[in-house]
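K.L.:
Below, the features straight out of TrEMBL:
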BINDING   CYS287, CYS367, CYS384, CYS424  [4Fe-4S] cluster binding site
COMPBIAS  472-491  compositional bias 'Low complexity'
DOMAIN    278-448  domain 'DNA primase large subunit C-terminal'
REGION    458-499  region 'Disordered'
Amino acid sequence: MEFSSRARQKHVRLAGDRREQYPHSLQFYLEPPTESISLVEFESFAVDRLKLLKVVENLGVSYVRGTDEYKSKLESELRKLKFPYKALAEDDYEARRKDHISHFILRLAYCQSEDLRRWFLQQEMDLFRYRFNELSGSLMQKFLEHVNLSFEAISEDLKNELANELSVSTPGFSLTKVKEQMFYKVGLADAVDLFRARRVFIKDGFAFVPFKEIDVIVLNNYRTKLSKALALTARSLPSIQSDERLQPLLNHLSHSYVGPDYSVQKNAGKISLDQIDALSVKSFPLCMRQLHRALRDSHHLRHGGRMQYGLFLKGIGLTLEQALEFWKKEFIRGKVDADKFDKGYAYSIRHSYGKEGKRTDYTPYSCMKIIMSNPPSQGDYHGCPFRHSDPELLKQKLQSYKISPSGITQVLELVKGMHYQLACQKYFELTHDVDDIGFSLNHPNQYFTESQKLLSGGREVKKESNNSGNFQQKNNSQESINSSSTPTSSSAKADTELEGLEAYFTED
C-alpha cells in the first residue's frame, strides 16, 4: 500500500473494472492493497473500521450471535459506516474498497502485541461469520470457489445409501431433512471442530458436512490464514516503524478512542472541591474511585496516578486554580511541604492545563489508553482495575462497595472474557440500579457525564425489574459511536502531547 500526503485524486472506474477487482462483497484479505491513498483517507478508513469492530464486540456480548436483533443492529452499523452489507449490491465498489483497505490498516496497528492480535482476530472472525451467513446458497458456493474451498458435493445415490448414518450422526437431521440438504465430502483435517463436537458423520477419513455447517470449516480456514498473516505482519513491523508518517498513526490506532473529545472543559468551575468525595462514590468509574481513595489515604500518588487522575478531574470541570488547591491540600497532609509542592508539582499541574511549556491542552485518558498503556507496578494505583487487578482482589473491592454477589459474578465473567470496558459498564449498571443504559462505555469522563445525567434526571433508562443477578442481554453498542462526534484519533496528538507531560510527572 502506498500513501500520499495529497488528497486522493478521484478518477472514473468502469463498472466492469470494479467487479473484477472485488468480485465478492466478502474476502479472506489475502492480497494487500497496492493503490496510493492519502493519509487523511488512511486514518478515516481505519477509524471507521475500529468503530465497526467495537460494535461487533459489544453486540457479541450483549446478544446471541445470529439472532434477528443481533443481525439487524450489525447491518445498521455497516450501513452507517458505509461498509458492504448487501452481497448483490451493484454499486458498492467504494464500500468493498474501504473494507479491503481498512482491514489491512488495522492489521498493521493490531499486530503489535499478543493481546491486540487476539482482540482483532476475534472481532474480525465475528464480522466475517455474520457476513458469510448472510450470503445466499449460490453466492456461498461462488465464494467458496473463489477462495479455493470448493468441497465436493456427494451424489444423490451416495446420500441415499448413507441416509441413516447421516441422520444419526448429524444433530437435528431427520431422514427427510437429510434428503433435502446438500452434503459435502470434506477432509477430516478441515472438519476437526465438527468432528470433536460429534456433529458430522465420518467415513474413510472424510467428514460428510451438511451445507448449513459449512461456515464452521470456512471460519476455521479464515482464522488460520488471518492468524498467520498477523504473525507475519508483526515480523515486518520494523520496516513500517521507520516511516515517520505512519508509525504515530498506527500506535495511536491501537489505543484509540473514537468518542467525544473531553479535552474541552464544558463544565469548568461548576464542581466545588467539597463535592469531590461524594462524587467519587456515586459518579466516578472504579479506576478513578480507586485513585481518589488512595490519594485520600496516603496523601500522595505516584506519577502514573497523578497523570490519570489529574486529567480526569480536569475533564469533569476542575479549573486550574481548583486543581492547584486540591492537590496542594492533599500533598501537604503527607510528606510534601508547601515549598516543595510549589517548586515541583505545581508546575506540572499548570503544564497539564496548557499554561507552561508547549502550552498544550492535554486530553483526559480514554479507557483504551488506560487499559493498553503503562500498566501499574507495585505501589501504583493507576490503570484499569478490571484489566490490571487480581480477580480475587477485584472481588473483594466490589464486595466492599456493596455490589451483590450475583452482580460480582457477572462482572468477573466479563473480566474473564477480557471485556474490560463491558465489565465497567456492568459496574455502572449495578451501582446505579439500571438496565439497558443505552450507551457503550469508552471513557472515564463519559462514565461521569452519564452518571450525572442519570442522577439529575437527564437520561431516561429502564429500571432493573429483577436484581436476582440473571445476566440481562442488552444493547450497549449504538450510542457509544456517534457519527457526529469528533474522533480524537485524528492525529498522533495524544501521544505527542504526553512526551512533555511525562517529564514533569516523574518525581515521586
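Cβ from N, Cα, C; glycine included.
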K.L.:
For the [4Fe-4S] cluster site given as CYS287, CYS367, CYS384, CYS424, which other residues of the same chain have their Cβ within 8 Å of the site's Cβ centre?
P.N.:
PRO285, LEU286, ILE370, ILE371, PRO385, PHE386, ARG387, TYR420, GLN421, PRO444
K.L.:
Please list residues from the chain of CYS424 ([4Fe-4S] cluster binding site) whose Cβ is under 8 angstroms from its Cβ, counting only those at least six apart in sequence.
P.N.:
PRO285, LEU286, CYS287, CYS367, CYS384, PHE386, LEU441, TYR447
K.L.:
Tell me the Cβ neighbour count for CYS287 ([4Fe-4S] cluster binding site), meaning other Cβ atoms within 10 Å of its Cβ, over all protein chains shown.
P.N.:
28
K.L.:
Can you tell me the mean pLDDT for the domain 'DNA primase large subunit C-terminal' (278-448)?
P.N.:
91
